[in-house]
Every structure is written in structure tokens, then in C-alpha cells.
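One structure below.
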Amino acid sequence: MSKRNEHTPNQTCLKQRGTMLSSIKLPIVIRAEINLVLVVLTALGVFSRLYGIHFPKAVVFDEVYYGQFVSLYMKRVFFIDESGPPLGHMILAFGAYIGGFDGNFIWNRIGAEYSSNVPVWSLRLIPALAGSLSVPLCYILVVELGYSHLTALGATLLFLMENSLIVQSRFMLLESVLIFFLLLAETMVLFVSYVFGFHSFNVGFTLISKLCSCPRVKYMGLFTYLLLLGLAAVHMWQLIGDRALSNVLTRFLALVVLPLLLYLGFFYVHLTLLYRSGPHDQMMSSAFQASLEGGLARITQGQPLEMAYGSQVTLRSVSSKPIPCWLHSHKANYPIRHDVAAPMSPHAQEVSGYIDFNVSMPAQNLWKVDIANRETEQEVWKTILSEVRLVHVKTSAVLKLSGSALPEWGFRQLEVVGDKIYKGYQPTGVWNVEEHRYGRSQEQKERELELHSPTHIDINRNLTFMAKFLELQWRMLTVKQETSEHKYSSSPLDWITMDTNIAYWLHHTGNAQIHLMGNLVTWSLGNLALMGYLLLFLSYLLRRRRKIEDIPEDTWRQLLLAGVVCAGGWAVNYLPFFMMEKTLFLYHYLPALTFQILLIPVVLEHVHTHVLCTSHRRALHGAVLAGLSSVYLTFWKFSPLTYGHPELSAEQLDSLRWKDSWDVLFRRH
């Protein structure tokens, strides 16, 4: 017998146990560090912004403006708002959706009581959450800038107790959402990645956040986006010589392509949701209107596509400025005889329609149809799709809108003229057919009957998304905003020292009221911090020019980074308003104020650490404590105007009028 290698029973048992033990995976251990200070600050932010947001159950200031768009979203009705991309309105509409709002409410008056079908708490929830989450973002941002947790705590407390930011967060308004995205973008460490070269994902996410911050104040978030994009471009230029080209291309995709796709995505959702005809249809082209359900699409359904001799049509001007108009005439004569010059535009020729009063003018009646958007010579004149010029055969003058309105004798209608010096493509001289009827009968009565009966040819005129997007974007950027004086409108110079306020809501019988009014102590400290930073920056810059380095290189770079984020954030969110021709309000300053608040503790820490001696630091400690106490007392004193309760007496309200320019309302009983 040959020997076999056999294991003893004990050895076999041990081997099986070892195999079983090796197949058992160790439990996954997750260790998390919780910053209790940050948790408490977040809770305070949630409480201060969400507490009692259902009060008042009435329309508060600009809720009358945003509510109209929310109702249109709920009814899937198309609209245009030139203030920015549709993301902001979609965010507010989402709050209405989760609350079950059906869109049935007339938004025509500030202070109007909400009906029972309006979910007030839900409508105001998302702006309040955005304002709440901005509180911890302030803390994280200051820490990411390289400053201490104590400095971050100070910045967050100042932001937490800013009355104007609380008010703006508690209603169906968009400034809190804008500020949230701005802080989120800065928190994603774009500038830190610029200095230290972090992964491009952070850069891309930062710029996406920045792009999301554009929905308000005429694309105001775009200025900060362009600032970040410029800094990133400088960094990418440096990378071209240091790293592989693929890394640069990856960053380009993250910085430019991805935000652009996201921007297009907002409009895609917007246009997909709003497929019904609405009050803003006439601002769009006939083709755009025909793509919407109802409205022009209902009128033009089944029309013949191609024009023919004998077609009966309505002609609409391609230009929507100053208002949409259709070519027509009135049964009225010009009150006086002049030459061929147009009455309001003497450089152009007069155009008039007439019925033959035994006057024969065949040479003056001939017009040539010139298809302006024809792609081939064989293309024919089509309903809605073709844009045509009407050229007078004898004089070569082009029929166009002059832009002027006729006087009373012309019923204030827009003037139509013949322009002999017409050159290039001008929307005022281009027309398209909207309604088209065609009769084949030779008999006049039968022909008239046929012209008024529905036609049987159906035409599919659905536009592509890109065609609709480009037209909508152009309308949003070129529509003229009405600049009108408002009781609470103000100039950017009034904002810095808070020489103005806005009464958001006033109880119809009592003195309970809500005002957009900032914490005057915080605003004053912010101005001092901004001036202090500029003095520090210029002083260090000049001394470094003379080869005198008062602070280490890392501290200098940290100060520069804080300046770009905080002072730069203030500048790009404030200075552009001086170039805007529109009605401005105090709430436009709130994004800039946010960055100014963050600058206060940043300057204090730098002064404490690198400027003051030990004995002076103790005095600074006392000043900081006194400043925070003053901020809290001011916040508490003005809280009745922030939350709308408790109701104050006329004497108490009068005592809150710290500036003569403030408009505090009260009734004397």
C-alpha cells in the first residue's frame, strides 16, 4: 500500500474554520466629526427664517410680481420675464407644486388676502430654506478662506442677525436663492483651486453653482460668473505649459461646456412645461405662437401653406417694437394735403390705402413681394414661415414701420411709410402672413363664403427647441423694460448707508407691519471693513513694491484671496447697478451686502494677528464684544418690523425712525 497524505480530523476542522473566517468581511467603519457650533448655527438659521412664514396671509410686496409667474407655471401657460433665466421661477413654482397650488389667484394688489386654495407656507418654503442654508455656508466659506473658526463664527452671527436678509428670505422672493447659490459657488473653492490647483470637478461645480445664481436682477449672477471664468482662464493658460493638453480640455469642458448645457437645460424644461398660449404670445414670432396650444394655433389650424393669387391674408410685422402690430387701414382721410412725405417721418414716403373713388392710379398700386428668408430661388411664399418685404415697383421704396405714432387724427396708430433708403435686414420692414384663406370659386358670393369657411389642409409648424430657445433668449435680452418711478425705488448710492427702506406689508387696520430694513450697526461695520481692507491692501502693496515685507507670503496670499472673494464679490454685485437704466430697490444690494458682512471678521482677524501689539489686542477684544452686542440689540429692537409682530404703538414705531429718510408707517388711534 502506498502512503497517502491525509489530514487529521483536527487539522481539517481548523482549515475549514480558517476558510470561513477569511470569507467574512470586516464591518465598514465610518468616522464623522460633527461641528456642534455649526449645527447650532444651522438650527438658528432655520428657526430665524422659517418661524411663522405663513404670516401674514396676504400678498407681500414683490410676491404680487412672482406670484403671477407661479400661477402661469401651474397652468402651463407661456410667459416671458426679461429679468433672468427661468430657474428662479421654476424653483418658486416647485414650492407651489408640492403645496398643491392650482394657480387660481388674482395677483393684482399688494396686501390682498390669500384665498384658501393658496398654500402660503409652501410658496415661501424654498426661499426660506435657501436663506437658512446660507447661514452655515457663511461659516464654511470663511474657514475655507483659511481663517479661524472663531472668525467664521463671528461672520455667521453677523449674517444670522441681519434683519434685511431675514425679511427677504421669508417670502416668495428670489434674493435668498441667489445669495445661496453665490455662497455655494464660493464655498466650492474656486479661488483656492486657482491658487493651489485643485481638481477640475470642483471648478466645474463651482461655475455651475455660479450659473444657477443668475435668475434674478437682470442676469446679475453673470458678472460673478465672468469674474470666476476670467480667473480660471488665467490658471488654464498657466497649465498649458505645465501639464498635458487633456487636462486643459477637461477644465474647459467643466468651465464652459457643462454650464452652457445646464443653462440650455433650464430653458428646455421651461419651454416643455409652458406649452399653452398666454398673455405674452404677441411678443414672439408668428411661428413661435403657432407652436403653442391655443391662441394663434387655434386660429391658423388647417390653413393652406402656400400663397396664391386670390389669397386673403393678415400681415404681421416681424418687429415687436414698440408693440406687435398688423398691417391695416382705417376708413378716414388725411386731414390736410401735403407732398409724398410721410406725416411723422418726412424723410420717408407716405403710404395710404384707398378704395377707388373714381381715381385711377395703377402705377402706384404695384408692389413686389421679396422673400427675405428664402433659401433657394425656387422657394415660394408660405404662411407664417416666410418673411417678406413689400417693395414698391415704381419707387423701390420698402413698406416699413417708422416707429412713430400718428396723432389723434390717425387714432394713435403706428405710422407705416415707404423707405427709399432701406438697406440690409430690418425687422421693421419685414412682414409675415398669419391668417390665410383661399377660395377657388370664380363667383363672388361663393368665393366670400369659401374664404370664411375652414380649410382642410393641415400644416405642421413645430419649431425645434434651439429655434425656440434662440428666439426667446433674444426677446428676453432686447425687450425694453419700463423705467418708472416707484415710491420705494432708490439709487445705489442710497444703499451703502441705508438711507432708504421698503414697507413690504401693513396691516389694514392696525400698526403691524413688515419692512425691508437692515441692521444699521452691521451696515456701518461693513463699510468700515471695506475701507479698512483697501487701506491694508494698498499699504502692503506699496511696501512690497519697495521690497518691505511686513507679513509672510502665505498671509499676503490669504489676504488677497479674501479680497477677491469678499471685496470682489461686493464689487461685482454692486457696481454694475450704476450702469443700469431700470427701477432699482434696496433688495438689489443684498447679494453685495452678504460679501461685505463676511469681510468684517476677516479684516478684524488680520488686524488682531498681524497689526496690533498684545496690549492693543485686549482693547480690540472689548470692541468686538461691544460691536456684537450692538448688532444683537439692534436686531432685537427692529425684529417687530422684521417678523410683523408684536404690533407696536405709534410712539414705539416713531422711535424706530433712526433716519429722517426712513418711511415708517403708523396709525394713531
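Each residue's number is its place along the chain shown, starting with 1.
Any Cβ shown, glycine's included, is placed from N, Cα and C.
In TrEMBL, the annotation transmembrane segment applies to 619-638, one of the ranges 459-478, 619-638. The transmembrane segment (520-538) is not in contact with the transmembrane segment (87-107), judged by fewer than 3 CB-CB distances under 8 Å for residue pairs 6 or more apart in sequence. For the transmembrane segment (148-166), the partner stretch with the highest count of Cβ pairs under 8 angstroms, out of 87-107, 119-142, 252-275, 559-580, is 119-142. Between the transmembrane segment (252-275) and the transmembrane segment (87-107) there are at least 3 Cβ pairs closer than 8 Å, counting only pairs 6 or more residues apart in sequence, which means the two stretches are in contact. Within the chain carrying the transmembrane segment (119-142), a Cβ under 8 angstroms from the stretch's Cβ atoms is held by residues 37-38, 41-42, 44-46, 48-50, 53-54, 57, 63, 67, 70, 91-92, 94-96, 98-101, 151-153, 155-156, 159-160, 165-166, 168-174, 176-177, 179-180, 183-184, 186-187, 565, 594, 597-598, 601-602, all 6 or more beyond its ends.
Regional average pLDDT for the domain 'MIR' (304-372) in the model is 80. Counting only same-chain residues 6+ beyond the ends of the transmembrane segment (28-47), those with a CB under 8 A from a CB of the stretch are 129, 131-136, 139-140, 149, 153, 156-157, 160. Residue counts for the domain 'MIR' (304-372) under DSSP, helix first, then strand, then coil, are 3 helix, 16 strand, 50 coil. Away from its own ends, the transmembrane segment (559-580) comes close to residues 141, 145-147, 182, 186, 191-192, 195, 218, 220, 223-224, 227, 231, 492, 495, 530, 533-534, 536-537, 540, 551, 588-589, 591-596, 598-599, 602, 606 of its chain (Cβ-Cβ under 8 Å, at least six residues beyond either end).
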